[in-house]
Amino acid sequence: MNIRSNPDTTLPAVTTGPLPSSRKIFSTPEAAPDLRVPLREIILTEGAGEPNLPVYDTSGPYTDPAVVIDVNAGLPRTRMAWVKERGGIEEYEGREIKPEDNGNVGASHAAAAFKAHHKPVRGVGDAPITQLEFARAGIITKEMIYVAERENIGRKQQLERAEAALKDGESFGADIPAFITPEFVRSEIARGRAIIPCNINHAELEPMIIGRNFLTKINANIGNSAVTSSVEEEVDKMVWAIRWGADTVMDLSTGRNIHTTREWILRNAPIPIGTVPIYQALEKCEGDPVKLTWELYRDTLVEQCEQGVDYFTIHAGVRLPYIHLTANRVTGIVSRGGSIMAKWCLAHHKESFLYTHFEEICDLMRKYDVSFSLGDGLRPGSIADANDRAQFAELETLGELTQIAWKKGCQVMIEGPGHVPMHKIKINMDKQLKECGEAPFYTLGPLTTDIAPGYDHITSGIGAAMIGWFGCAMLCYVTPKEHLGLPNRNDVKTGVITYKISAHASDLAKGHPAAQLRDDALSRARFDFRWEDQFNLGLDPDTAMAFHDETLPKEAHKVAHFCSMCGPKFCSMKITQDVRDYAATLNDPEAVGLPHAGTAEEGMAQMSKKFMDMGGNVYVEADSVKESNKAL
């Protein structure tokens, strides 16, 4: 386990320590030898002839036994030095925290404030601030170098293997290279096809990249509500989610202590954190959408920019003219943010202030390099409503807004549905690429059927794998509690593992050069009956081992050449190994008692001659075979 600070004063508690048979290793980019890019190395059975396998690691220092974990102090603010050495920023006092930031919570319900305080920074003047601006200027930042090294997962330049994987896949027009270089990262960001969500105030961040020419990423949602959860639970859920592979986390808190909860999460988050600012703005006006104002919303944006939120979901595509298009839907408007803005538009009979003030929002977000996640407030909430005019009208508007944000220097990704049956998924990806200039797509699922409450992690995992294959850059997880309640810790893990499967399956299908290395390693371990390696190479070693041990719990069973499904006599892999062993002895006279070692080859040659003598045809008359056999 990690070295812990004083456990009596550490609040909240989080899960630490490495995953089974794993250790933290670091890769150093040639272009920046001062950077240490984390990987997880899975240690395989000694003597098995298998090298240890490096895999992508999202867990931050929480799985590094050498690191002191103190959630009260937060993670090291390493990236601030990178930001400052580039220049073009100023440090300032920042906005004063107000009672309404935490829902005017009383002292008896107030959460403990995060003690460490850091002055925020912001961009000044016309010098590049955002990763997009640096990329367009031809400047490769440390963040770009970092993510390039990270995407290669510690591989050396195994060009032949990489090219074979690319050839085997179907990428639907993606431009995945055999190897990721910092220059390739820069060019993808400059074109708007990828983003590195990295607020300059989130100095604890380990940068990552989102784009269809990179590994498919997943997001996990956490957050309190008016009825349940606490700061402690949400920080623990964040750490738990990244332990199992969440690439980003969205804090969707809607209850008390929103500002404080977010501060605790950000200061302890090595991954990008996203939010939906309209949720907190609504809390500041007593939950009444009609009372929302542009000034209140803008103040909330400033608050969250200064804290270090990396990307905002902003439902600026929910326009007054589109609301009537949802009238005949089965499930209407299901997005919380979308319904809030729809009610505001109808109550005031005005165009959305998110749409009319969009350029001002861009100017503000640019100063902090906060990325847009343009929200799909009119997404379908049932397969009956999939691909309707309301959904696609909003998507077309998001394409217009993308162009505005790019001109302002802001990074952009686009949110997508929702509930879409399998045969209607690809058109969503194709239309998004066309309308939004290939900006990264980020979808919730989509759920492919509506008949499985309690199993929507599966209904959506199917759609997620498909749309990831078609080109979606990031998949937002769905847990078993979707439509039913707030997910707990176990639900978070189930959702993350489900979506890691979907993301990995899509990478395999696209032909990502590094994707199949882990599959092949696990397959070899399975055939060799290296049970421990099978467990440890899987996405969830604990569950795999627990399932195996339900019926074969003894340590001796972990070297047995069978499992409880087939038993020792009917194991297909054991039988195959026996056949291979037997075949290997056929040319050994001592093993099978043959008069000489060439007997097997002579027999094969005789049968080959017979085939050619009969005309070399696969199918022949039965009588001719009988006559031929008489001659033998």
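Cβ atoms here come from the backbone N, Cα and C positions, even for glycine.
In Swiss-Prot, the feature region 'Disordered' is placed on 1-26, out of the ranges 1-26, 79-104. The candidate list MET144, MET250, MET545 contains one residue that Swiss-Prot assigns to the substrate site with ASN221, TYR279, HIS315, SER335, ARG336, GLY337, ASP376, GLY377, LEU378, ARG379, GLU415, TYR442, namely MET250. Within the set of binding-site residues (TYR279, TYR442), the lowest number of other Cβ atoms found within 10 Å of a Cβ is recorded at TYR279.
Cα separation, SER335 (substrate binding site) to HIS483 (Zn(2+) binding site), rounded: 12 Å. Note: the Cα of GLY337 (substrate binding site) and the Cα of HIS483 (Zn(2+) binding site) are spaced 16 Å from each other.
Sparsest Cβ environment among the binding-site residues GLY337, GLY377 (other Cβ atoms counted within 10 Å): GLY337. Between the alpha carbons (Cα) of TYR279 (substrate binding site) and HIS419 (Zn(2+) binding site) lies a span of roughly 22 Å. Secondary structure at HIS419 (Zn(2+) binding site), as computed by DSSP, is strand.
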